[in-house]
Amino acid sequence: MNSVTVRVPAKVNLQLAVGPLRDDGYHDLVNVFHAVSIFDEVTATAKTGMSVRVEGESADQVPEGHENLAIKAALALAGHAGRSYGVNLLIRKAIPVAGGMAGGSADAAATLVACNELWGLGLPLEDLMEIAADLGSDVPFALLGGTAVGTGRGERLTPLDVAGTFHWVFALADGGLSTATVYAECDRIRQATGERVAWPQAAEPLLAALREGDAETLGTELRNDLQPAAVMLRGSLARTLDAGREHGALGSLVSGSGPTCAFLARSESHAGELAASLKDAGVARDVITAHGPVPGPIIV
Ligand code: ATP
């Protein structure tokens, strides 16, 4: 086999609870991850050495050297196998870059699956999950897909059973937001307001709404503790979120560290209408519809 292509979805956080700042500079998190039908594709082709090329959505903002998370994933997998394998990676991006939808993590997960196949390693998912956890806190979920609760730094995952399909609209913004900057702003706001930060916990009504396929309740339970920080750093997001509510979204929130905003619709047709209204309102660079949950990386 000379070449393997893997399709991998983006994620939105339905709940992102951020605990107090720890001494090591990280936060304990509770993350309800949900994989949605916006896909990057990674093609791994056998060659000597390691290289990566990026095409598509905001490709010019993605590094093509060894800082690319996909290359880091290929190197980590080769290291785990104890061999100096080579690969060329072609990433076709549709997931917004630095958009709070874990595009880099998705590409890393897709690369682990593609290279595991290309190099004939046959490693089980548990081994790939261990390598994924070392690459970044969103990479293990990107390998799993579906809907799951993540704790710790996001890497301890419990898959959730979800009834049916939820329909989403995503408003893409111009330019990204750095995840580290958004966490730092969150800490700054909390310090300035003297807010007592509770230990993060998954919200039971949100989990019940997912189990029951209850979009109406899910819409009211969407919660992102990073949202005030993302809105503080990018004031225009307040208008984008308001526009979603005005046009009948069941709920809205900033996705992860932003600046992408997610809106929950009643149905596929409602998602189409809501997307058209948001486009007309001119509150986003682009507006796309998607559904979730969807499975994790798939060899195509
Ligand atoms: P998260 O939601 O996990 O915080 P994000 O979706 O906000 O992440 P990414 O799209 O993963 O952000 O990109 C974050 C940064 O990582 C970008 O600024 C980009 O330069 C860098 N990067 C490295 N590798 C990749 C990759 N394969 N795809 C996208 N960005 C990458």
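Cβ atoms here come from the backbone N, Cα and C positions, even for glycine.
In the three-state DSSP scheme, LYS11 (active site) is classed as strand. Sequence annotations record features per position, and here TrEMBL assigns active site to LYS11 (among others).
Counting residue by residue with DSSP, the domain 'GHMP kinase N-terminal' (68-146) contains 46 helix, 8 strand, 25 coil. The annotation domain 'GHMP kinase N-terminal' is assigned in TrEMBL to 68-146.
The ATP binding site annotation in TrEMBL covers PRO96, VAL97, ALA98, GLY99, GLY100, MET101, ALA102, GLY103, GLY104, SER105, ALA106. All protein chains included, ALA98 (ATP binding site) registers 20 other Cβ atoms within 10 Å of its own Cβ.
Residues or ranges marked as active site by TrEMBL: ASP138 (among others).
For 206-282, the entry in TrEMBL reads domain 'GHMP kinase C-terminal'.
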What are the non-local neighbours of LYS11 (active site), defined as same-chain residues 6+ apart in sequence with CB under 8 A from its CB? PHE33, HIS34, ALA35, VAL36, MET101, ALA102, ALA106, ASP138, PHE141, ALA142, GLY256
For the domain 'GHMP kinase C-terminal' (206-282), the number of residues DSSP places in helix, strand and coil: 46 helix, 11 strand, 20 coil
Least surrounded among the binding-site residues, given as PRO96, GLY100, GLY104, when other CB atoms within 10 Å are counted: PRO96
Would you please pick out, from the binding-site residues ALA102, ALA106, the one with the fewest other Cβ atoms within 10 Å of its Cβ? ALA102
Near ligand 1 by the Cβ criterion (under 6 Å), the recorded positions from LYS11, PRO96, GLY100 are GLY100
For the recorded ATP site, enumerate neighbouring residues of the same chain (Cβ within 8 Å of the Cβ centroid of PRO96, VAL97, ALA98, GLY99, GLY100, MET101, ALA102, GLY103, GLY104, SER105, ALA106, site residues themselves excluded), in sequence order. ALA10, ILE95, GLY256
